[in-house]
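Q: Got a structure for you, questions after.
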Amino acid sequence: MVCGGFACSKNALCALNVVYMLVSLLLIGVAAWGKGLGLVSSIHIIGGVIAVGVFLLLIAVAGLVGAVNHHQVLLFFYMIILGLVFIFQFVISCSCLAINRSKQTDVINASWWVMSNKTRDELERSFDCCGLFNLTTLYQQDYDFCTAICKSQSPTCQMCGEKFLKHSDEALKILGGVGLFFSFTEILGVWLAMRFRNQKDPRANPSAFL
């Protein structure tokens, strides 16, 4: 078997979609696990992660079925959808890597003041910090109502904004890097699907069109 032939392209496309299926199931499983253990309280975050996992699973199943059956229509739509996902994911990944510390601070500030008091309290206890940044008139109010453990162990607690910035910077780099990696695997998937779709099945009727 020559690599680049019908069987090789089929096996490579099947393997790539199996990887996508495993990643999607992992996303769904991690979201359910995080909700079950109470690590993430926001139903919107859980729902978003599960939705992404289900969407990726559907794409992977369509690609796998199209590859196994050499289904022209499925492979065509698989290429189109995967190409659109690549563009979207590439832009988002580059944006994650391009966000500077000043922009992160603005986003954290804006998010903090639209949160409910319950959510703020959960974050303060989770990160063991009090208040956001000591640059606002409401910081002292946040600090007074803070219930984090650090408040009873030391005279002052670290500001949550500093911890959020540290974690957000790490998270954005990881998300951007992983997103770029998967975006290039999606381009590989589009190329494999296009190549495989235009190859003739050696087991098919020689007079049939592809």
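In case you wondered, yes, glycine gets a Cβ from its N, Cα and C as well.
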Q: Please verify against Swiss-Prot: do Gln72 and Phe196 share a side of the membrane?
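A: Checking Swiss-Prot: the two residues are co-localised relative to the membrane.
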Q: Can you check what DSSP calls Asn100 (N-linked glycosylation site), collapsed to helix, strand or coil?
A: coil
Q: Of Asn100, Asn109, the glycosylation sites given in the record, which has the fewest other CB atoms within 10 A of its CB?
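A: Asn100, out of the glycosylation sites Asn100, Asn109, has the fewest neighbouring Cβ atoms within 10 Å.
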Q: For the transmembrane segment (13-33), find every same-chain residue at least 6 residues outside the stretch whose CB is under 8 Å from a CB in it, and list them.
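A: Contacts with the transmembrane segment (13-33): 39-40, 46, 49-50, 52-57, 59-61, 63-64, 67-68, 182, 185, 188-189, 192-193, 196.
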Q: Using all protein chains in view, find how many other C-beta atoms are within 10 Å of the C-beta of Asn117 (N-linked glycosylation site).
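A: A count of 9.
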